Amino acid sequence: LLCVGKMPQRKSLENHTVGSGFVLVGFSDHSSLQGLSFTVFLVIYLMVLTGNSLIALITVVDSSLHSPMHFFLRNLSFLEICYTSVTLPKMLVGFLMEDGRISFLGCAAQLYFLVWLGSIECLLLAAMAYDRYIAICHPLHYTLIMSKGLCIRLVVGSWMAVVPVQVGQTYQVFTLPFCASHDLHHFFCDVPPLLELACADTFWNQVVLYTIILVFAVLPFSLIVISYVKIIGVILKIPSVLGRHKAFSTCSSHLGVVTLFYGSATVVYLKRRTRDSVDTDKYLALFYTIVTPMFNPIIYSLRNKEVRIALKRLLWTK
C-alpha cells in the first residue's frame, strides 16, 4: 500500500483520511448475490429484533420470571438488539445501494459501540455463569447472595466498566495515519483490519488490543469455565438421573450461547490474521455479531421451561 505523504506530514494525512472515509468491502465479491444477501440478512435482523424483544418483554410482564437469572437474560436480550443494530443496518444499506462507503467518524462510532457492546456481553455471560453457580452449588443461600442490589450492580458495572477503556482504544486507532487505500476487507469497522491500513508502527495498538481481550474476554471466560467445573462436580454427585438432568437443563441454554459467542470470537481475535484468512474471518465474525443474537431467544425459549410457559401465556392472552 502506498502511503499518502510522510510521517512528519501527519496533519494533512489525517485531514485526507477524515474526508475520504473507508470502504467496507464486506461480501461484495459475490455481486450476483446482493439481492439474496439483502433478503437473508433483513430476515435475520427482523428475527433478532422480534425474538430478543419478546424475551425482554416476557421477563418484565410475567411475575414468575422476576428472578436474577431472567433479569440477566433481559439485559442480554436488550444488548443483542443493540449489538446487531451497530452492524446490520449498515450492511443492509450496502447490499441495497451496492455502496460500502462509511465516513471516518461513522467508522469510529461503529468500532467503539461494537467493541464496547462485545465486552459488555463477555461480562454479562460471566455474571450469568456466577448466578448458575450460586443456584446449583449454594441453593440455600441463593436468595441471600443473589440479591436485587447485587444483580443491579453487576449489570451496571458491566455496562460502565468498559466505557473509558474503549474510548481510549478507539482514539488510539483513529489517530493513526492511514494509507491511500481505505478498503476494509470486512463488513464492519474492526480493530485488526483497520490496523492493516495504518502507515505507522502499530505495536502498541496490538499490545492494547490483546490487553483488552485478556481483561474483558479471556478473564470472564476463565471465570465461566471455573464456575461450570464446580457446577458439573456438584451435578455429578446428585444421586437421581432426573435430578441431574433438571440441574443441567438450567445451565444448558447459557452454555449454548457461550459456546457460539466465544467459539467464533476467539478464533477471529486470537489467531494470526493473514491474507488467506480474510474471508474466513468475515464468516466467523458473522457468528458472534449476528448468528448468536439470532439464536439467543431460540436457545432460551427451547431450553428454558419457564420462558416457554411465559411466552405461551403471553401469546394466548394477546
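Cβ atoms here come from the backbone N, Cα and C positions, even for glycine.
Taken from TrEMBL, the feature domain 'G-protein coupled receptors family 1 profile' applies to 51-300.
The transmembrane segment annotation in TrEMBL covers 36-60 (among others).
Sequence annotations record features per position, and here TrEMBL assigns transmembrane segment to 72-97 (among others). Packing against the transmembrane segment (72-97) from elsewhere in the chain are residues 24, 26, 28, 34-35, 37-38, 41-42, 44-45, 48-49, 52-53, 55-56, 59-60, 110, 113-114, 117-118, 120-121, 124-125, 127-128, 131, 151, 154-155, 187-188, 257, 289-290, 292-294, 296-297, 300, 307: each is 6 or more residues past its ends and has a CB under 8 Å from a CB in it.
Marked as transmembrane segment by TrEMBL: 109-130 (among others).
Packing against the transmembrane segment (150-167) from elsewhere in the chain are residues 68, 71-72, 75, 112, 115-116, 119-120, 123-124, 127, 130, 212, 215-216: each is 6 or more residues past its ends and has a CB under 8 Å from a CB in it. Taken from TrEMBL, the feature transmembrane segment covers 150-167 (among others).
When Cβ-Cβ distances below 8 Å are used as the criterion, the transmembrane segment (207-236) is approached by residues 115, 119, 122-123, 125-126, 129-130, 132-133, 136-137, 162, 165-166, 168-169, 172, 191-192, 195, 244, 247-248, 251, 255, 258, 262, 265-266, 269-270 of the same chain, each at least six residues removed from its ends. Annotated transmembrane segment per TrEMBL: 207-236 (among others), in sequence order.
Residues or ranges marked as transmembrane segment in TrEMBL: 248-270 (among others).
When Cβ-Cβ distances below 8 Å are used as the criterion, the transmembrane segment (282-302) is approached by residues 26-27, 41, 44, 47-48, 51-52, 54-55, 73, 76-77, 80-81, 83-84, 87-88, 114, 118, 185-188, 190, 253, 256-257, 260-265, 267-268, 308, 311 of the same chain, each at least six residues removed from its ends. According to TrEMBL, the feature transmembrane segment maps to 282-302 (among others).
Remote same-chain partners of the transmembrane segment (36-60), defined as residues 6 or more beyond its termini with a Cβ less than 8 Å from a stretch Cβ, comprise 27, 30, 66, 70-71, 73-74, 77-78, 80-81, 84, 88-89, 91-92, 95-96, 290, 293-294, 296-298, 300-301, 307, 310-311, 314. Tertiary neighbourhood of the transmembrane segment (109-130): same-chain residues 69, 72-73, 75-76, 79-80, 82-83, 86-87, 90, 102, 154-155, 157-159, 161-163, 165-167, 169-170, 173-174, 188-191, 194, 212, 216-217, 220-221, 223-224, 227-228, 254, 257-258, 261, 265, 288-289, selected by CB-CB distance under 8 Å and a gap of 6+ residues from either end. The list of residues near the transmembrane segment (248-270) in space but at least 6 beyond its ends in sequence, with Cβ under 8 angstroms from a Cβ of it, reads 69, 76, 118, 121, 125, 128-129, 132, 135-136, 192, 209, 213, 217, 221, 224, 228, 231, 235, 281, 284-288, 291-292, 295-296, 299-300, 302-305.
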